[in-house]
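Here's the structure, in C-alpha cells; my notes come after.
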C-alpha cells in the first residue's frame, strides 16, 4: 500500500505520540521514568581505560611465552607522539594476525577483548588527522615479543601524553 500524503501521516504520528506521552507522564511511575531518563542522559559514558589494555597485553605476553608462538609482525618501535593514533591502528590490525595464527582459546579471547577495549578508548579521543606518519606496511617486522613491548609503549603514550 502506497501512502500519497506522507506529510499528513507524520503529523498524525506526532499527535498520537504526544497523546501517548502526555497520558503516560500523568502517573507517578511515568514521572519516575521521565526523571530517570533525564538523569541517565546526563551521566558520563563509562569507557575502558588504557590500564586494562596494558593488563591484557601482559596477559597475552605470558600466554604466548607459555605456548612458544613465533610470528613476525609490523612494529612501530619509535612512534612520534603526533603519530600515536596511526601507530595504535597498526598495532590493532596486527593483533588480528595473532588472532588468526593462534589456536589457543585464551589468547583469542584476550586478543578480542583487547581489540574492543582499545577501539572504545580510541573512539573517545578527539584527534586531528595525522600526517607524515608511516603506513603499517612501511614498519619494520619484528618478533611477537618486541611487538608487544612496543605496543605497551604506545599505550603508555596515551596514558601519559607529553
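Easy rule for this one: first residue shown is 1, then count along the chain.
From the backbone N, Cα and C atoms, a Cβ is placed for every residue, glycine too.
Sequence-distant contacts of residue 83 (disulfide bond), defined as residues of its own chain at least six apart whose C-beta falls under 8 angstroms from its C-beta, comprise 76, 130, 132, 133, 134. Reduced to three states, the DSSP call for residue 83 (disulfide bond) is helix. Here Swiss-Prot flags 83-133 (among others) as disulfide bond.
Reduced to three states, the DSSP call for residue 136 (disulfide bond) is helix. Annotation source Swiss-Prot lists disulfide bond at 90-136 (among others), citing similarity to another entry.
The N-linked glycosylation site annotation in Swiss-Prot covers 119. DSSP assigns residue 119 (N-linked glycosylation site) to a helix in the three-state reduction.
Annotation comment: Swiss-Prot describes 1-29 as signal peptide, evidence class sequence analysis.
Long-range Cβ neighbours of residue 90 (disulfide bond) (same chain, at least 6 residues apart, Cβ-Cβ under 8 Å): 74, 76, 136, 139. Around the Cβ of residue 119 (N-linked glycosylation site), the number of neighbouring Cβ atoms within 10 Å comes to 13. Here the Cβ of residue 133 (disulfide bond) has 19 other Cβ atoms within 10 Å, regardless of which shown protein chain they belong to.
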